[in-house]
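Student: Shown below is the structure under consideration.
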Amino acid sequence: MGFIGDQVESIRSMQVRQVLAQIISLGMIVTSALIIWKGLIVATGSESPVVVVLSGSMEPGFKRGDILFLRMSKEPIRTGEIVVFNVDGREIPIVHRVIKVHERQESAEVDILTKGDNNFEDDRLLYAHGELWLQQHHIMGRAVGYLPYVGWVTIVMTEKPIIKYLLIGALGLLVIMSKD
C-alpha cells in the first residue's frame with residue numbers, strides 16, 4: 001500500500017478514545033506554549049518579549065532574521081539604547097536606536113527620536129502623520145539580548161504561508177498519529 005496508505009489505515013484503526021487523547025495532547029501543547037508566552041510577558045514587562053528583525057535598517061548591529069529579547073523597565077530611556085516601538089496606524093513594530101531624548105520639565109513626559117543604524121535619516125517619516133517624536137506609550141521594550149539568524153524561520157513562514165500551513169499540518173498529524 002505504501003507509506004501514506006499505511007498511515008491512513010493506522011488512523012482508521014485507532015479507537016475514538018485514542019483519537020480524543022491525541023487531540024487533547026495537541027491542545028495541551030498549544031496551551032503550554034501560550035502559558036509560557038504570557039509568563040514571559042509578565043516577567044519582562046513587555047507586551048512582546050521576543051521580536052524578529054525584519055529589515056536591514058539596524059545592520060551591522062542586528063541583521064534581518066535576528067531574534068531580539070526585550071525588557072521594559074521603569075528606568076528612563078536614554079540615548080543610544082535600542083528600542084522596539086509601535087507607531088499608530090502600523091501593524092509591525094520597528095527596531096531602532098534612540099538618538100535623542102527630550103525631557104519636558106513641566107509634565108515629566110519624555111519625547112524620543114529614533115533612527116536605524118543603517119538609515120541616513122531619523123524616523124520622523126515613519127511616525128504617525130503629524131508626530132515628530134515618540135512618547136513612552138509607543139515603546140514596547142528595550143533590546144537586552146539577541147540570537148542571530150534564528151528568526152529566519154518566522155520570516156520564511158510569513159513570506160511563504162504555504163510552508164507555515166504544511167508545517168502546522170505535519171506537526172498536527174504527527175501528534176495525532178503517535179501511539180504513545
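A Cβ is built for glycine as well, from the same backbone N, Cα and C atoms used for every other residue.
Sharing the feature lines straight out of TrEMBL:
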type     : residues : note
TRANSMEM : 19-37    : transmembrane segment
DOMAIN   : 40-103   : domain 'Peptidase S24/S26A/S26B/S26C'
TRANSMEM : 162-178  : transmembrane segment
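I'd like these features described in context: how deep, what's nearby, how far apart.
Tutor: For the domain 'Peptidase S24/S26A/S26B/S26C' (40-103), the number of residues in each DSSP class (helix H, G, I; strand E, B; coil) is 5 helix, 22 strand, 37 coil.
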Student: On average, what pLDDT score does this prediction assign to the domain 'Peptidase S24/S26A/S26B/S26C' (40-103)?
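Tutor: Within the domain 'Peptidase S24/S26A/S26B/S26C' (40-103), the model's average pLDDT equals 92.
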